[in-house]
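Student: Feature table excerpt (TrEMBL):
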type	residues	note
REGION	B:458-487	region 'Disordered'
TRANSMEM	B:42-66	transmembrane segment
TRANSMEM	B:112-134	transmembrane segment
TRANSMEM	B:154-173	transmembrane segment
TRANSMEM	B:194-213	transmembrane segment
TRANSMEM	B:225-244	transmembrane segment
TRANSMEM	B:274-297	transmembrane segment
TRANSMEM	B:317-338	transmembrane segment
TRANSMEM	B:350-372	transmembrane segment
TRANSMEM	B:392-414	transmembrane segment
Amino acid sequence: MSNPYVPILFLLALGFVFAAGSVFTSLVVGPKRYNRAKSEPYECGIQPSPRAEGGGRVPIKYFLTAMLFIIFDIESVFLYPFAVAFDQLGLFALVEMVMFIITVFVAYAYVWKRGGLEWD
Amino acid sequence: MSTLLSLHEAAGTFSESALHGIQTLAAEGKDNPRADFSDTPWWLSLVKALIIFVYLLVSTLMVIWFERRVIGRMQQRPGPNRNGPFGLLQTLADGMKAMLKEDNTPAKADRFVFTLAPLITATMCFIGFAIIPLAGEVSMFGHRTPFQLADSPIAVLFVLAIAGIGIYGVVLAGWSSGSPYPLMGGLRSSAQMISYEIAMGLSLVAVFLYSGSMSTSQIVGSQGSVWYIVPAFFSFFVYVITMVGETNRLPFDLAEGEGELTGGFHTEYGSMRFAMFFLGEYINMFTVAALATTMFLGGWQAPPGIAAINDGMFNEGWWGLLWFTIKLWMFMFVFVWLRGSLPRTRYDQFMRFGWKFLIPATLGWVVLVAFFRGAQNGWFGDAALEIAGRRFPVSSLAIVGLVAVGALAFGWWWDNRAMAREAAANETAPEEIDPYAGGFVVPPLPGQRLRETARVGAPALPEADPVTERPSGPAVFDFTDKEAPRG
């Protein structure tokens, strides 16, 4: 086995076959009784509220969280190679990484002070 | 000028040592997987994939029963005990029933994505387990093979990436349902998962610092003498919190907070498509718990006492699967225990905890561990103290001392702030308040009086006397003069 990722594809295939198979089986085996109320959005029994196509507008906070996630996730991914090669790289890498973390921390403090981390 | 020159020189030696380090890294190849797949033909990989798949499915059936039984005991009721011995087949019966139900698609749903979302969740949840070592080298059909499907120098990164793909299932399910509750649930759930993924990723950095590798077999192998839960205890603490947040389990199951969102992102789902989300949630629990076992609890290795028996007899071959399963189920019990004893948090509390405590604290912890590791490697001088026959490097002790002083100072500052806050809370309320000062009406506290607002065009009211007497102007709670007596 030359490529280490090929066995993962086996597991992927097994998982997909199982998931698709059981969903398909339930489509075939399950009953079908049409009822107009059943195909309406569930809102605890009241008349469904009108809604824009494609989801409409959602609070900007979710977008902000996603943007912050990209920033800080990239930071943590940058820390991985540093951590793995730490013993070989020596003191130089330690100093560099502390500098890097401080730089990102400035951005973090800025976001905090501007209220980017508040959730009301 | 001379300092600048020496700085320059220092930087020169620094970069030289770094270059040297990279060369030795390439030569040593320490971050390569320890697991040896050279004696593993492709069909054996397929067999192992099948074993892991069945292992996960059976574990899921078991854990749902286990959760219901344990929570039942915690609430002083028996839990499911009718189908099969001890009710063990309850989950199977539930699954069959789900399959025989109508698979309804709402009229407003995006039909393709609505079906795709549960498939993504149910497929992706399996793959994370591919790089988890369930045991060491075992004999299987005449071949010596590590009991893990695959390994690579970036194995842990692979699990995190798969967890990221799994979030798509949740988001797409929420969006494609065409209904307000699922949409909000899906958004919340994705924001929650990505927020806690950062702290989760950062908490693992400390382990990589110690192991010097991201390959899971290498990480397990390097925990022979001491499990990483000891040197990286804070990382473990953060990881356990984030793994509950990642899997949307109580007390962090805000995505499906039924009080506010009925069912969250899967409100519109039923039958087998719902069961796929259910399956995904439980297998994700197993995956994060397996990663915690591998990273912090020595993976498949026997506990310290048992590992020493008979030259490590219990630490070889298939025994690993037993220890791994026991450790895995310990985490399962913690999941159930949390669900049985903690109420759900509020969404803003949850996000604040993640962003304002877990991330900066873990970042600080990573820096601390890096300095410790540097002291262990002797980068800050070789001076050492001999205490009770063991050598402690002076630099490590200095770091411990610094951290202790810092913690004391922080505690002092925190206490002062808490006391100031308490004093502010206990401050006696003013005796007279203006009900409209804040923009909306505020009722008076007991013993307080309301200040009458000045009416436009009306003459200014006479100043009220201090509380000792009744006010001379219009009485505050005395509404009798507002209404003329009738009759």
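Yeah, the Cβs are placed from backbone N, Cα and C, and that goes for glycine too.
Caution: TrEMBL annotation is automatic and unverified by curators.
For the listed features, I'd like the structural context: burial, neighbours, distances.
Tutor: Residues 80, 87-88, 90-92, 94-95, 126, 129-130, 134, 140-141, 143, 145, 147-150, 279, 282-283, 285-286, 328-329, 332, 336 of the same chain lie 6 or more positions beyond the ends of the transmembrane segment (B:42-66) yet place their CB under 8 Å from a CB of it.
Counting same-chain residues at least six beyond the ends of the transmembrane segment (B:112-134), those with a Cβ under 8 angstroms from any Cβ of the stretch are 35, 49, 52-53, 55-56, 105-106, 146-152, 155-156, 158-159, 162-163, 165-166, 168-170, 172-173, 175-177, 216-217, 220, 268-269, 273-274, 276-277, 279-280, 283-284, 286-287, 290-291, 294, 299-300, 320-321, 324.
Within the chain, the transmembrane segment (B:154-173) has long-range Cβ neighbours (under 8 A, six or more residues past its boundaries) at 33, 113-114, 116-122, 124-125, 127-128, 131-132, 182, 186-187, 189-190, 193-194, 197, 200-201, 204, 208, 214-216, 219, 246, 255, 265-266, 269, 277, 280, 284, 287-288, 291, 295.
Only residues 6 or more beyond the boundaries of the transmembrane segment (B:317-338), in the same chain, are considered here, and those with a CB under 8 A from a CB of the stretch are 59, 63, 66-67, 70-71, 74, 133-139, 147, 240, 244, 247, 249-251, 285-286, 289-290, 292-293, 297, 299-303.
A Cβ distance under 8 Å defines the sequence-distant neighbours of the transmembrane segment (B:350-372), meaning residues of its chain 6+ beyond its ends; these are 191-192, 195-196, 198-199, 202-203, 205-206, 209-210, 231-232, 234-235, 238, 241-242, 245, 252, 254, 396, 399, 403.
If one looks beyond the transmembrane segment (B:392-414) by at least 6 residues along the same chain, the residues whose Cβ comes under 8 Å of a Cβ in the stretch are 368, 371-372, 374-376, 378, 380-386.
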Student: So what's near the transmembrane segment (B:194-213) in sequence-distant terms, Cβ-Cβ under 8 Å and 6+ beyond its ends?
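Tutor: Here the qualifying positions are 30-32, 153, 156, 160, 163-164, 167, 219, 222-223, 228, 231-232, 234-236, 238-239, 241-243, 245-246, 295-296, 351, 354-355, 358-359, 362-363, 365-366, 369-370, 373.
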